[in-house]
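> Take a look at the following structure, please.
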Amino acid sequence: MLSTNRESPPPAAGRAAMKKELPDQFKDHRHVWVFIELERDQVHPVSFELLGEGRKLADKLGVQLAGVVLGPPGEATWFAIAEAFAYGADLAYLVEAPLLADYRNEPFTKALTDLVTNYKPEILLLGATTLGRDLAGSVATTLLTGLTADCTELDVDADGSLAATRPTFGGSLLCTIYTLNCRPQMATVRPRVMAMPPRGNNKIGRVIQHKVSMIEEEIVTKVLGFLSDGQSATANLAYADVVVAGGLGLGAVENVKLMKKLARTIGADYGCSRPLVQKGWMPADRQIGQTGKTIRPKLYIAAGISGAIQHRVGVEGADLILAINTDPNAPIFDFAHLGVVTDAIRLLPSLTELFTHRLSPHSRDKLAN
Amino acid sequence: MHIVICIKQVPDSAQIRVHPVTNTIMRQGVPTIINPYDLFALEEALQLRDRHGGEVTVLTMGPPMAEDALRKALTYGADRAVLLTDRHFAGSDTLATSFALSRAIAKIGEAFGTPDIVFTGKQTIDGDTAQVGPGIAKRLDLLQLTYVAKIVSVDINGREITVERRSEGGTQTLMSKLPCLITMLEGTNEIRRGSLDDALRAARSQIVKWNAADAGIEDLTKCGLRGSPTVVKRVFAPPERAEKAEQIDTAEKTPRDLAEELIAGIFLRQPALESELAFDGE
Ligand SMILES: Cc1cc2nc3c(=O)[nH]c(=O)nc-3n(C[C@H](O)[C@H](O)[C@H](O)COP(=O)(O)OP(=O)(O)OC[C@H]3O[C@@H](n4cnc5c(N)ncnc54)[C@H](O)[C@@H]3O)c2cc1C
């Protein structure tokens, strides 16, 4: 189906004037693809977030949305495909092979590049995860096409080009980037930057299977082992509903406990600003912000965090931001919803105590005894 | 063993200011630093050299002033520095950058010995893409090991390398072959203070300066703006939030009073949260 958008007049002058007629070899590139990240039998939720965005782009272009699943033969890949349909994909491309069991750059690059060359998408989106970035860079270079990292907004312009907006200079500015004269137009998006779309009931769609033209013997890199971070750990921070975080305003490593205690009390996950990682008060995967995790909780409590732009970009998606800071002019009050100018070290224990009372009649009884 | 490490001179982005009217970066007076992630990679390269012998060559692409970053790397103990500078490289995106750097690395191989390992930092703090490393690997047909937290072992004679690599939710141990390209994660080691000898040597060292032709690049259409499939169409400041945070009045209130008001404020705005927050015992 041809999009009506394509018949719109070309945009006026400016940088877009650099856009020339698309070379013939790319003219039959169609459809929006989302790479469905499957690692250790788990679909990364960022893939669903991307399907939500991909759906909007595909609708604007009047084309189909496809999920791309690469993995070992077995239930996990088919489950991933069913999920892709439930989150809005019209069709799915599947490459199943034992050599796609654990992520390795060589076979994944080969499989995805082959798929693109064969089936010609015009847009290809991947999560900006360790896997997605590793793969996207190789695939884009192999195909000699444009790749825009860490987009915060995706759109198609009047003539059907992908307009990919991303932060630059550590988040101080945003820029919108186009891929000229090459296809596919590739972009990565960090987890939690896009909202999770609603899950539908559609479980059926067309599945196109493709074989990877590679054998295990050709792959140099071998996986010797995998050590999981475990259930308790940090992997969940990006997806937590409630997050409590501390910054340098906590003053000393002992006070980090006050913040963790509040988190535990209200069943929240916890994180921190960058200096706490640099001081060794917290592990790197607890860091929230531009060079840490992006979070999207329902409630974010920031204690002793100034709210520098690099921190702000990681928390802006929160529904309710609550800031505790001694400095009434701290930048965090520019984007928080509720603020209190006070000493976090004194307030945190009271908060913990009062939350305990309010939330748990059981514990109130315990305290009374 | 010969190790090549790519570094980048970046503005210290913590100190960058944006012009309020024109929305352009005000670079004047902003100090430059070596991209912090590259320093972890540099230290790793130096440790490998110290253990296994050989040489470390640092490479950067940038304007002539990027020479400062290379001198700094020499004071830390790198053996040789190459500056790839040419106005034809201006405006390069990650694809064009990986092209130019890969050509220079190939040339370094011809001139000073084929590298066994090429290092980069996991990403830069100004571009933040993490794409140039994988791009270089692909162009040079090197095996790529990204987000490496630790180099477990290198067997020079057997041409084998074992690394620990961060992935989502865990750490992979990978065995691969040399030559390879490694992008190094943060926080794994701390850059050394170079010795006095290193400082003296750095001051005396000639930095190798190459333009496109010197690096063996004939096809200039693969460089700079022309070699970049992506173009920046618009730069703008993030939208301001209309209203500031609603402030809780703190006058003559105890922490308890404030806590009470805060909690009330939370549940007023998000009533559903009350039933969702869980009390977790101890
Ligand atoms: C390239 C780059 C990437 C970066 N990435 C990140 C990132 O991902 N995440 C991140 O967080 N930062 C990042 N930063 C760092 C960022 O610029 C800030 O330096 C950092 O966020 C500041 O942390 P902070 O607010 O904890 O500390 P500070 O800026 O020192 O602020 C401490 C705050 O605590 C307040 N305070 C002091 N005492 C108390 C008290 N007793 N009670 C309550 N408040 C108190 C102070 O008023 C102040 O506002 C990055 C920087 C660069 C250059």
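Just so it is clear, glycine is given a Cβ too, placed from its N, Cα and C backbone atoms.
Bear in mind that TrEMBL entries carry predicted annotations, made automatically and left uncurated.
What you are looking at is a predicted structure, and each value in this text was computed from that prediction instead of being measured.
So TrEMBL lists these for the protein:
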BINDING   A:273-274, A:287-291, A:304-311, A:Asn325  FAD binding site
DOMAIN    A:32-223  domain 'Electron transfer flavoprotein alpha/beta-subunit N-terminal'
> If you skip the near sequence neighbours and keep only those at least six away, which residues in the chain come within under 8 angstroms of A:Gln287 (FAD binding site), Cβ to Cβ?
A:Gly271, A:Cys272, A:Ser273, A:Arg274, A:Leu276, A:Val277, A:Lys293
> Have a look around A:Thr291 (FAD binding site) and count the other CB atoms within 10 A of its CB, chains all included.
22
> Based on Cβ atoms within 10 Å, give me the single least packed residue among the binding-site residues A:Ile305, A:Ile309.
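Fewest other Cβ atoms within 10 Å, among the binding-site residues A:Ile305, A:Ile309, is found for A:Ile309.
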> Take the Cβ of A:Gly289 (FAD binding site) and count every other Cβ within 10 Å, whichever protein chain it belongs to.
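Other Cβ atoms within 10 Å of A:Gly289 (FAD binding site): 24.
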> For the binding-site residues A:Ser273, A:Gly289, A:Thr291, A:Ile305, A:Gly307, A:His311, which residues show a Cβ-Cβ distance under 8 Å to chain B?
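The binding-site residues close to chain B are A:Thr291.
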> Could you list, ordered by sequence, which of these binding-site residues: A:Ser273, A:Gly289, A:Ile305, A:Ile309, A:His311, have a Cβ under 6 Å from ligand 1?
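If the test is a Cβ under 6 Å from any atom of ligand 1, the answer is A:Ser273, A:Gly289, A:Ile305, A:His311.
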> In the predicted model, what is the mean pLDDT computed over the domain 'Electron transfer flavoprotein alpha/beta-subunit N-terminal' (A:32-223)?
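Across the residues of the domain 'Electron transfer flavoprotein alpha/beta-subunit N-terminal' (A:32-223) the model's pLDDT averages 95 on the 0 to 100 scale.
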> Kindly assign A:Ser273 (FAD binding site) to one of the three DSSP-derived states: helix, strand or coil.
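DSSP call for A:Ser273 (FAD binding site): coil, neither helix nor strand.
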> I want to verify one value. Collapsing DSSP to three states, which class is A:Gly307 (FAD binding site)?
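It is coil.
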